[in-house]
Amino acid sequence: MAEKGVKVLGMWASPMVIRVEWALRLKGVEYEYVDEDLANKSADLLRHNPVTKKVPVLVHDGKPVAESTIIVEYIDEVWKGGYPIMPGDPYERAQARFWARFAEDKCNAALYPIFTATGEAQRKAVHEAQQCLKTLETALEGKKFFGGDAVGYLDIVVGWFAHWLPVIEEVTGASVVTHEELPLMKAWFGRFLALDVVKAALPDRDRLLAANKARREQLLSA
C-alpha cells in the first residue's frame, strides 16, 4: 500500500523522472507510480501540471509539485527524518545547487547535439560535452560521490548520466565518458550504479536502447 497521497506521474524513459524515484527510495517513502503516454497526456497530468504539461509531477496529499530538482528538494524537506539528501551546511547546500544548475544549464545542453548529429558535427559536440563534464568532474575531486561519502543531491541530479550516457554512446557510436578523458566521472558511474537503491529504479537497458535507436533514426530522417 503506497503512503497516503504520494504519487509520481512519470514516463519510464525520462531521466528527469528517475530523480524523483531515487529521492523517494532513499527516504524510504512508498509511492504510486503512474506511467504517462506523453503523446496522449492523461487528464490527471493536465490537471496537476497545466502550466508545462510535463513529467515528472509529484502529487502529495492532492497537491502537485512539478520540475524534478524542485521535487527532490521538496521530498528532502517534507521527509526530514529520513536519509539526508541536501547538505546540512548552508554553504555546501549552495554549492550543490550551483553545480546542479551548471549540469542542467550547460552539460545537458552540451550532450543533446551528440544524439542528433553525425560526422564532424558530432565530433565537435563530443569535445564540447567532455569539456563541460570535466568542469563538473572537479566537484568530485577527493570524493566517493558528489555528496561526499554518500549519495547526495547532486548525485541524484546528474545520476542519469551513468545509465543513459552509455546507451547514447552505443546508439551514436560516440565515446564521451572514457577512463582517459573523465576518469573520476567514469569511476563514479560504477560506484553509483552499484547501489541497490539506484539499480531498483533504473529502466531496462535493452528497452531504453531500442527506444533511443528509434528516436535517433526519426530525428536523422526528419
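The backbone N, Cα and C atoms fix where each Cβ goes, and this holds for glycine too.
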Which of Ser14, Ser175 belongs with Lys41, Val55, Glu67, Ser68 in the glutathione site listed by Swiss-Prot: Ser14
Among Ser14, Ser68 [binding-site residues], residue with fewest other Cβ within 10 Å: Ser14
Residues near Val55 (glutathione binding site) in space but at least six apart in sequence (CB under 8 A): Leu9, Gly10, Met11, Ser14, Met16, Val17, Glu36, Leu38, Leu45, Asn49
Model confidence over the domain 'GST N-terminal' (4-83), averaged pLDDT: 97
Binding-site residues (Lys41, Glu67), the one with most neighbouring Cβ atoms at 10 Å: Glu67
